[in-house]
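Remarks on the structure that follows.
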């Protein structure tokens, strides 16, 4: 969509764009120069004691929905209907499961990288590196696509060269990485979230004015078949129905919220499990509101263009251009609105890039570099400098991937497929670690490897199945000379824009705009496997990892598989004692060090395990010493001169 207006017509949009980018860049870093600075690695990684619950909620919600919600959801409703709206069920279901399954296990383990937990649980560098390596590769591919998405939109809408936007996003991200930390990234998320809420409300109001009332925003899409819910087809090859939307999003969300560093890093930045629980559960209505807001925007845009589809009329080239086109068309009378809309897209990619660079650098340091001999024994300040340097290197790599996306359109689809295929194995290995007492490192490694191979085989095999694009019908029968604002003309398509898809994915991989419906159902093996909807890929990967991992663990069980029982979920530990069999051996792991928190009264550091305060398992009691609600369970065991051993009459495979 190449704009026909001259530079002078867009002068206010350019000015607002520049001012907003400067503000959203400098404000989060204000504390770096005039407030509390990150003096330690923990300050940089977790922003200890400096992040409010409200800011954390918006940041988590922002990460949940991603950049895709801005452009993807409205175009999804316009051209495919509301089927993907039902992925909300999976998101909402995932929050309490993450809160009460994942967080209680590693909240007080003193880990900086979430994959450090796997090393503690399985005593295996292989399992840890498989998980963290998968996360790093997937994140780099997705970040390259994420930062490239708004550059194409800005190129087509206000004429900024995509390479200039890409370099700008990368340069600012590297500056954030060097000067800020998690707190700066969360502040940027808050600015982005508030801005997009205001813009979305403005678009809805403009739609109401255009179509004649709020009710028409719902009535027109409903009458044209855009709103259809609770479709249980029972066909696994259908792109998305209610079952696949719920299950697919549930397993995807569990993998992202519970096993991905950038989310867990936010949870661990809070002081107590009770605060994490309150934040996550309170975030459910926030996510529902923001999620539905994006879809209502799509309903408003459809209501306006119900009788004159801009893409069918030749005014846009791709589905995801519908929302930028609407802003340019219907807000032409209000200078600057287009500029702030495009700046919010720029800032959206920027904030996602910043928070993920922080997480990628932390994982790389904790899971790979910190174990090298040359880095043994270096100071906390030196570790912080190394992490910042790694983040800067990743910023350059992401920029390179972004340039590759502009030249090789296949990178986009490869990134999407990688995300879908790797979510299941990551989730599966964490479920093995937390919920399957018999699981050992051999089973976890085999489960991940087998799951990766099979899911990648299915994923890439699906590309060989002949499919057709299926979109809901649109019309241009109502198009007149007054339908669009003056100055809007049909685009001139360049080679780059003709060969570069705009529809890309940042966090959730199944919103690809080349989604298809199978031509034939009477197909044989392996085409019938390839035709399974990608909504089920995360479920398939999780199932394969858990089943293969459990079977291999049973066959290779050994007394050396002992681990500290604090690494197992309390409920799984309790249930395991109900089964008959030989005793299972547990040991005390000295590498498990609780996270330090600041005492609200004294401002001094104290361990949450001190004075029997075990903020770990989700059962509230009141501490007599502090007078605050904490989570507590068994008293601390006495210190022994030899390794501590717990025994139970529950496990048939222990002590061989």
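From the backbone N, Cα and C atoms, a Cβ is placed for every residue, glycine too.
Remember, TrEMBL labels are computer predictions, not curated facts.
As stated in TrEMBL, the feature transmembrane segment covers range 94-118 out of the listed 94-118, 469-493. As stated in TrEMBL, the feature transmembrane segment covers range 415-436 out of the listed 63-84, 415-436. Looking at 246-264, 265-283, the range annotated in TrEMBL as transmembrane segment turns out to be 246-264. The stretch from 194-220, 331-350, 443-463 that makes the most Cβ contacts under 8 Å with the transmembrane segment (130-148) is 443-463. Stretch with the most C-beta contacts under 8 angstroms to the transmembrane segment (160-182), considering only 12-30, 194-220, 246-264, 284-305, 331-350: 12-30. Cβ atoms under 8 Å from those of the transmembrane segment (443-463) belong to residues 118, 122, 124, 126-127, 130-131, 134, 413, 417, 420-422, 424-425, 428-429, 432-433, 526, 529-532, 534, 537, 540-542, 544-554, 556 of the same chain, restricted to positions at least 6 beyond its ends. If you look at the transmembrane segment (284-305), the same-chain residues 6 or more away from its ends with a CB under 8 A from one of its CBs are 57-58, 61, 64-65, 69-70, 73-78, 82, 85, 88, 91-92, 95, 193, 197, 200-201, 203-204, 206-208, 210-211, 216-218, 220-221, 224, 226-227, 322-323, 326, 330.
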